[in-house]
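What TrEMBL annotates here:
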DOMAIN    B:9-522  domain 'Cytochrome oxidase subunit I profile'
TRANSMEM  B:27-48  transmembrane segment
TRANSMEM  B:68-89  transmembrane segment
TRANSMEM  B:110-129  transmembrane segment
TRANSMEM  B:153-179  transmembrane segment
TRANSMEM  B:191-219  transmembrane segment
TRANSMEM  B:274-296  transmembrane segment
TRANSMEM  B:308-332  transmembrane segment
TRANSMEM  B:344-368  transmembrane segment
TRANSMEM  B:416-438  transmembrane segment
TRANSMEM  B:458-482  transmembrane segment
TRANSMEM  B:555-574  transmembrane segment
TRANSMEM  B:580-598  transmembrane segment
Amino acid sequence: MAHDTHDIHRSRAEFEFIKKKRAAEMRGQLTSFAMMIFLTLIAFTLVAADFSTYLIVPIILLLAAIQVVLQLYHFMHMSNKGHGMMAFFMFSGMFVAFMTIIAMVTIVWW
Amino acid sequence: MSSNSQKKGFGATIWDYLTTVDHKKIAILYLISGGFFFLVGGVEAMLIRIQLMKAGNDFLSAGTYNEVLTMHGTTMIFLAAMPILLAFMNAVSPLQIGARDVAFPFLNSLGFWLFFFGGVFLNLSWFLGGAPDAGWTNYASLALASEGHGIDFYSLGLTISGFGTLIAGINFLVTIINMRAPGMTYMRMPLFTWTTFVASALILLAFPPLTVGIFFMVFDRLFGANFFDVTMGGNTIIWEHFFWIFGHPEVYILVLPAFGIFSEIFAIFSRKRLFGYTALVFATILIGFYGFMVWAHHMFTVGLGPTANAVFALATMIIAVPTGIKIFNWLLTIWGGSISFTVPMIYAVAFIPSFVAGGVTGVMQAIAPLDYQLHDSYFIVAHFHYVIVGGVVLAILAGTHLYWPKMFGTMLSEKLGKWTFWFFFIGFHLTFFIQHFLGLMGMPRRVYTFGADQGWDLFNAISSVGALFMAIGVIILLVNVVMTVAKNERVGNDPWGDGRTLEWAIPSPPPFYNFAQTPLVRGLDPYWIEKMEGNKEGMVYAEPLGDIHMPNGSFIPFVISLGMFIASFGAMYFMDDKAWALPVLIGGLAITFGSMLVRSLKDDLGFHVTKEELIADNERIQREARALEGGKKGGLK
């Protein structure tokens, strides 16, 4: 419980370190942005090229999953420190949702 | 605002509780309303047992019996067991981690009022044309065919109270992750806090499926959708899946906090550190994890096919392993301890064989081929009552005795407590043990009567006598509560004399700000550590004494919940073409969203308890403690 705000004084080394870290983060964001564009292109090409639906749907779902992970880790800062618990709960939620869907698909609708 | 110590009038006290955001007062609200619904559910249980007392009884009609049976299950699970456990979670777990309050005090209050209005709405069905009658599982094929508004009371009432529970769960998760005192690492958290944490995670993940299922049910019944209607292309099995995807974790939502309460009791009254603390923690997490992979064992006879049945049967058997680990750890905690058989400890010791019996019949039912024989028989009824009563209700009774001094500052009578225990415990086994055999003899569950030629008369009569014993036990408990409140003998910080965790280091009941200074935690069982090292104060502090920021009370949670309560009536009578239904629905929602808007737009920055007030309050506490020591000694020793 912080009661009041603090002034932050950084040493030269700290400043350099943060600068470097931010540059790396920016690089990560740009790379994943490029990858996302590329993934979207693949998706559109698949549809435009008129492949079988049974090929297109699973591939697009897979691309979507990759995109979600990129989004979470590079743009929503889950790669930063202190996000362990959050990641744990998100993945548990995904796990439960996945179990539900798998069960519904295999034993109710199949 | 900090004049909490002065005497208040009756009206002011009521207003205080209607607007409180203090976790300790909300705990008391949960305990009172959960206790009330426990009595209502208990009366319903007695009606069931009176009806089944003899063959061909006509005490209740078949239709009324269905309603009583449905409401007994629904009330006991949703409105009694869960709220009372939430009462203990609220009262104790913020104290155990050294927090000032839960993370979102306003939401805590909202969660309570949503639960309360949902419960009231559900029970109003008795007076407004008939209660739900499709069993607490509310299977869609039955529920869609049910006439009248009973099922709508069920689905709308549970929607509202389900929101409340979900809010409470999220609140505890955030609190336990973010508000632990310095030094309180995850692996130093008391086991009750751990089980609160895992149960809250289960609430977070298990309630959405129920909400979705109930939403479909509401739309099917009230607005002409066909999610579950087979003749219109729906699928009635989907309700069963949704219900049990929620329903099985729900069992663990109930029983994990019960395990937590017993873990505290074993450690306190054996005067030993919990044996295998780490194993207990991991067993708790594993049970929570497996809890989501076993739901279809409630549906073996639906016809899911041999593969699905085999998978879920195996998963179900695996879950017995972490539970077994817990049982052995408790036994080894008692082993060689300096045991004092107080009322909570007696409950805890009685819990082990009772719960193991319920667990063993559970593993029997996990064997799918055997379950085809046991399904829908009284064997099942016996099994889940052994788990819920032998596990959860015994924990609730034990927790009531254990935490009563911390919540109210007085001790329940040990003598009357023992009478309650023996009546309840003997009554419980008398009622339910024999039901295993009724099940094996072929008596199906949920029947309103049976014939004299079926040979079930004697066992049913014995079962009914047992229920009477349990009722006597509960009545003695009520007498105990009234006498304790009337006597009002105050007790000190640690009335049991052997408290181990932080909640016993502060006065009973704690001041409204809990800890004047945030404590520093130096290991597992921090209060015990300090006591053993001769620290008279029982705590070391992590910060100097300073102003404390506290939230203001608010009436808005009550109004938000009231709006949903009103809107539910509109939604329910909408299909009857009542002219007033739509305005009531809209008006109710307007109240809810309007009050949310007020909450969002109006700044409420809380208030500060100044250092001077804290020092003055501390002097008062010291004075009272000295008076207590000088006079008659409160507490156990």
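Along the chain as shown, the residues are counted starting at 1.
Note: Cβ is positioned from N, Cα and C throughout, glycine not excepted.
Predicted automatically and left uncurated, TrEMBL annotations should be read as such.
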Subject >> Recorded stretches the transmembrane segment (B:555-574) and the transmembrane segment (B:416-438) touching, at least 3 CB pairs under 8 Å >> reply: no
**OP:** Report, as numbers and ranges, which residues of the same chain sit near the transmembrane segment (B:580-598): CB under 8 Å and 6 or more residues beyond its ends.
**Re:** 556, 559-560, 562-574
Original post:
In the same chain, who gets a Cβ under 8 Å from the transmembrane segment (B:27-48) while lying at least 6 residues past its ends?
Top reply: 17, 20, 59-60, 65, 68-69, 71-72, 75-76, 79-84, 86-91, 112, 115-116, 119, 123, 396, 400, 407-408, 467-468, 470-471, 474
Original post:
Where does the mean pLDDT land for the domain 'Cytochrome oxidase subunit I profile' (B:9-522)?
Top reply: 95
